[in-house]
């Protein structure tokens, strides 16, 4: 035996132990924190200009309330407890300055426009009750107010047009429980096991059939989680038009396909055995089939997204910078998310992009369902913007912003984390090519885009509002619908109006229509509208005259008037329609931004309808008009409660004015038809329920601006594609080896719930 062998074996064993120890230690050691990596953040510069569009702060809202309380000469009751016969502040929002003033400030070195608020007040305690709108300013210390109601609407706003406050909803609920239901105790007890707490209701709107009506159908449901799909078959029509609550009355009652004069007649018919009763199985508090509690245990965690070198966008106050993009954002209490001063590579491409309205029109063989035409702006899309759940509603590491608002109360409130901003890798290339002919190369670009998102929960509807900014200069406006399907009690010929989704539940057919305002400024304020499309032409082949060729050619047309630029909902529209600038690109083409709409809209309400003018914006998939300060929105919050005499009728905007070389606005409507089905239980998914529009550069640049993106990947067969300096993707194993700093999960969505 070799005497050195034991020593060799000992040394070998020691080396093996050392190597194993190092491996175990390295496995137990965490990857470095991403905070140790350099952050790639663009310089923000001054944000003072974007503040001209900033939402009002809690301090400013409080100042406006104090000013109004002390300077109107009438007592103001807090809207959260106001009766219809009281005076109150219904809402306060930013008064966006006139565009000309803003542009003088932003572009011409002019004075900053005064910061002002728009206050909506209900005057129920006056000889002539009315709704009045005041502009209050200057902020932060108000010194004046001016009544702008007549200037905006051509006359006073009658009191019956006022949107319902949360307090009026509560008062009608109390009337139903204490007055209406008291007239039918036996029926309610024996049919619904009514105990004063186990019934919920949903209000239908508009409220009647003619101007001045305030008669609302209240549809009753079991008061359980997801109550919207638990109808019990009872609906009550309440006349709450009087400013004296004691004079409210039941006008009609509907139960299981039959109508009754009032609750007294319903009770009498039941006691005498003259009612066909359909007993609904009592649901547990969690709703059973309507519960959103997962039916499966947690398993492997879903994929997460993070920025290994920190966010590549910057947010300061209300201004965002992302690569070549910059814009200001805000939240209208009535209309929701809006953007201003949107620039790409330093040049403004749009002055304003904003949500205008979300309309849903229902069908049913029950009165509440068949009479429902919800105009969600009246309820408050921004008011009902809900707190976002980190990691579900938005990526976990998104930037979250609170939203402050004043509505239905004289005290401002906050929705925590109600707006999120994040960069998203869309998982597909923005562009790419693999060449295996002639030269061998690969070129591609990651499709990473910036998303600004809010989600509004208006009753049963949940709208996910996105504005998305792409590296090629395109902007997308998108809305995804989810939430609970509203329903009717299944009876009679109910299947003509939807699908049965549970034992007594009819998922009722409805259309959804979303309207946007897009104020494009392409290469300046003055634009024209141009349509490009195709047509086949028959020609003889020049090299073989006996043969014919059908070749597609480009068609071009300038749309000179508003009438030519108003495209009905189901009509054919040019495939390429764009705002054209007065300037040209390097190749001699007018610089432009194309409007491309994604929509699966149902039919529009017939124009013969007495209320159609109130929603006449929905006649058109696209309408382009001259921009006017007196036409700031396509609808009004007052149209919901008096659609028969609309305060704003969009159809009046279109009056054949010239739109060549003018400041133009595109009004875009996207929508979808929803026929609820069994997969809408427990609630509706977003898949397939996304509509909206794209704004795409069309000869705006000399070439695709994304070619200058730092995210590009290119290598040839002759290069070392494993080298970081050649191919940045090759660096990912090292760059992305860090662990992001995930903040603790928090949620404030169950606080501050008194805004209904």
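Here the Cβ of each residue, glycine as well, is placed from N, Cα and C on the backbone.
Range with TrEMBL annotation transmembrane segment, chosen from 7-26, 27-46, is 7-26. With DSSP states grouped into helix (H, G, I), strand (E, B) and coil, the domain 'Copper amine oxidase N3-terminal' (163-257) comes out at 32 helix, 29 strand, 34 coil. This prediction places the mean pLDDT of the domain 'Copper amine oxidase N3-terminal' (163-257) at 97. Per DSSP, the domain 'Copper amine oxidase N2-terminal' (73-144) is made up of 12 helix, 26 strand, 34 coil.
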